Amino acid sequence: MFSWMGRQAGGRERSGGMDAVQTVTGGLRSLYQRKVLPLEEAYRFHEFHSPALEDADFENKPMILLVGQYSTGKTTFIRYLLEQDFPGMRIGPEPTTDSFIAVMYGETEGSTPGNALVVDPKKPFRKLSRFGNAFLNRFMCSQLPNQVLKSISIIDSPGILSGEKQRISRGYDFCQVLQWFAERVDRIILLFDAHKLDISDEFSEAIKAFRGQDDKIRVVLNKADQVDTQQLMRVYGALMWSLGKVINTPEVLRVYIGSFWAQPLQNTDNRRLFEAEAQDLFRDIQSLPQKAAVRKLNDLIKRARLAKVHAYIISYLKKEMPNMFGKENKKRELIYRLPEIYVQLQREYQISAGDFPEVKAMQEQLENYDFTKFHSLKPKLIEAVDNMLTNKISSLMGLISQEEMNMPTQMVQGGAFDGTTEGPFNQGYGEGAKEGADEEEWVVAKDKPVYDELFYTLSPINGKISGVNAKKEMVTSKLPNSVLGKIWKLADCDCDGMLDEEEFALAKHLIKIKLDGYELPNSLPPHLVPPSHRKSLPKAD
């Protein structure tokens, strides 16, 4: 998709992929500069909503924004992923991280202060200069040669405090900065502490700054090993209830539960759950490079739709203003009537209500502008954006889909991502149907004496029991017939419609695997084949 994605783990360029990569990147940039940017500039979009996009915004790596109250483990989470300290890292139970830190790849380890960072054209942070020195003094880029950072960048944010001091003492609009990052990152991770769950008013306001970016949000319930299973259920329920009041979306947010640091678990009752949740989160993060172009395309479409709506609003206000007298009174009236104007424009141009900016914020911003200096509606600019949305985007989608098919599914490597991919600590290694794969003895043999006793109560004839008799025993597991049917096919190795004592023991073993919560294999692994049947089966490839 992007030039930095052109190398796989072995360091060799993918053949035939780079042309499509550059086409997608250049296509997105070209569409924005030729179609969307003129519309934004004509109606002061950048003053009301978001600064203009630059080349670095299209070419940068996928970014992850971490947000949470103080001491929820944001910085520790980054260290857990990288398995390495980074410049500017401070960890402790008190509010430690007081700055926004962009953790990015660099050939040498070091840090760049905010004022120098916003003048670097290769970094996607130039537009942050509008937040002033109060913010730039609390912003830095931490660079280090870490393999994880070759594929993604991570933004660490200051811990959110409670009280009025949180809002006043920073010297910059914290929520506006979060909103700026939210528009540009690929994933927003909200971290909560399971041991002291709380969503303060300040945190609620920060979450509301992510309005319109709901598809990027993931939730991590961290430090879950500090509570037992019963407490964890209560904490999870309280978290979902609290989030439901803050995030106005009908969809349920994905919550990952675990303990994301490289220390022993304090409570091991839910170890298997934590491992599965960590792998799910890793897979989500590893998918970001593959989906980066789609995300940027999606953000460009959302931006274009908002730019159109903004143009309709501004041009309507311009049209309603008198030429001579009563301008201030008319301005106040139009601002007051803005909700009605929204409804009118929705009907006139067949626009969804969800495409309109928030009324209250728009009213506050309009107070500072002279409506007579706004431009009238320019149909050609609107038509150019409509043509882009209708025709140009579809051709890019084809290129993106082709590139995604050629990319590896797990591009993020190194750090914690390598710790569970191979060897005995891979998720599910030696568990379920994989148990006994490394052992010489047949894994079913240890329980076979118990299964043999059952087998001989089922009236075997010539050393085998019929399907009818086997069914009587198998249905006692209360598993669905569809599952038992699959187990029968796997266990009946010679396909004679009957089970000998080894096949019956195998069937009971597979039932146990399913009852323990593991998935059944689609075909019988070689180590599960009964010893007396191994010669008759074809060797696995």
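The backbone N, Cα and C atoms fix where each Cβ goes, glycine too.
Annotated in Swiss-Prot:
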type: BINDING; residues: Gly68, Gln69, Tyr70, Ser71, Thr72, Gly73, Lys74, Thr75, Lys223, Trp261; note: ATP binding site
type: BINDING; residues: Asp492, Asp494, Asp496, Met498, Glu503; note: Ca(2+) binding site
type: DOMAIN; residues: 58-289; note: domain 'Dynamin-type G'
type: DOMAIN; residues: 447-535; note: domain 'EH'
type: MOD_RES; residues: Met1; note: N-acetylmethionine
type: MOD_RES; residues: Ser15; note: phosphoserine
type: MOD_RES; residues: Ser162; note: phosphoserine
type: MOD_RES; residues: Ser459; note: phosphoserine
type: REGION; residues: 1-20; note: region 'Disordered'
type: REGION; residues: 68-75; note: region 'G1 motif'
type: REGION; residues: 156-159; note: region 'G3 motif'
type: REGION; residues: 222-225; note: region 'G4 motif'
Going by Cα-Cα distance, pick out whichever of the recorded positions Thr72, Lys74, Lys223, Ser459 is nearest to Met498 (Ca(2+) binding site).
-> Ser459
Same-chain shell around Ca(2+) excluding Asp492, Asp494, Asp496, Met498, Glu503, C-beta within 8 angstroms of the CB centroid, reads Lys464, Ala491, Cys493, Cys495, Gly497, Leu499, Asp500
Under 8 Å by Cβ from Glu503 (Ca(2+) binding site), same chain, sequence gap 6 or more | Ala491, Asp492, Cys493, Asp494, Pro530, His533
Whose Cβ, among the binding-site residues Thr72, Asp492, Asp496, Met498, has more other Cβ atoms within 10 Å than any of the rest?
-> Thr72
In angstrom units, rounded to an integer, how far apart are the Cα atoms of Tyr70 (ATP binding site) and Ser459 (phosphoserine)?
-> 67
Residue distribution over DSSP helix, strand and coil in the region 'G3 motif' (156-159) = 0 helix, 1 strand, 3 coil
Have a look at the binding-site residues (Lys74, Lys223) and report the one with the fewest Cβ neighbours inside 10 Å.
-> Lys223
Residue among the recorded positions Gly68, Tyr70, Ser459, Asp494 whose Cβ has the most other Cβ atoms within 10 Å = Gly68
